[in-house]
Amino acid sequence: MAPPPPSPSMAPPGLIHSTPGPPDACAPLSPPRAAASAAAAASMSGPVTETPSAIQICRIMRPDDANVAGNVHGGTILKMIEEAGAIISTRHCNSQNGERCVAALARVERTDFLSPMCIGEVAHVSAEITYTSRHSVEVQVHVMSENILTGTKKLTNKATLWYVPLSLKNVDKVLEVPPVVYSRQEQEEEGRKRYEAQKLERMETKWRNGDIVQPILNPEPNTVSYSQSSLIHLVGPSDCTLHGFVHGGVTMKLMDEVAGIVAARHCKTNIVTASVDAINFHDKIRKGCVITISGRMTFTSNKSMEIEVLVDADPVVDNLQKRYRAASAFFTYVSLSQEGKPLPVPQLVPETEDEKKRFEDGKGRYLQVKAKRQAQVEPQP
């Protein structure tokens, strides 16, 4: 596939910018553009204001963004994806005169890492609103990498994120989302189906909120306990939104770091993020909380590893609130040689009944994704 034409403009290194109107040519978005609906918004108070239907942020990848092999951390890319989604969704939710709000990340759908990004390349992150319900916004994001020496561009990521608008006056109050119009009726119907599907999946993940990762002394190699890892982080002001709650991108970056440690401990090679299953944000994390991000291996195929990551928040300055589950997700990693070629993964040895059940569940998810990919590449009759 030939690379798209070069971008008409280039931001200085490290500069984040947004461009109203159509996205930059280097990162085309496939979904049709949705604009503010004047007719549907007429019943809402205040005049209708236009908002950009797409934005783009650009940043050059530096050494501290990557691992020792020079591959950019998946968590760094996830954080940029969330920043773009937060900008466009917050801007849209404040496009009407009324109570001001900040869009909070509620869920990230499955995200595949299609191609690695390296130090020195420029990331072009394009975001576009594709559906709105009464209280949520769907944002689709595409990430392109650009080699500024050769001009080569490639698609590295596609992601779908869901946001909810929270009032600046009362963080527990979810505001209504200004509606959008669609060029075709089918777009709204398809968006509603995606909304109902993610809502159901979010409910199904809540039963696992009491599950915890327990340390084991002197574990055997290739077992779950051998590679399981935890990271403890004190939430500071730089991690937070205007509300004083943690940015979703900050949480995702920490989750990816822990998942990477688990994968590296298990196979002892260079590892990269291959995909992230749906990330669900169960509750907000307030500034001053101590969060524990725990990861454990759940399944291995011949060339991939599935790692479950759980985020628990401990409000140490609030004696009335107990520790709670804030987020959860499954990350998939692959092992690479020094030349960047896939390597076989040591097979996980589940020991307890719970570990065996998680292994079978992980195998089911792996086969489901494999079947879906095969269906996409097979020619239609």
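One is the number of the first residue shown, and numbering goes on along the chain from there.
Just so you know, glycine gets a Cβ as well, placed from its N, Cα and C.
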Have a look at 1-32, 129-160 and point to the one annotated region 'Disordered' in TrEMBL.
1-32
Beyond the flanks of the compositional bias 'Basic and acidic residues' (354-364) by at least 6 residues, Cβ under 8 Å:
224, 298-299, 306, 308, 330, 348
Between the Cα atoms of Asn67 (active site) and Asp256 (active site), find the distance and write it as a whole number of Å.
12
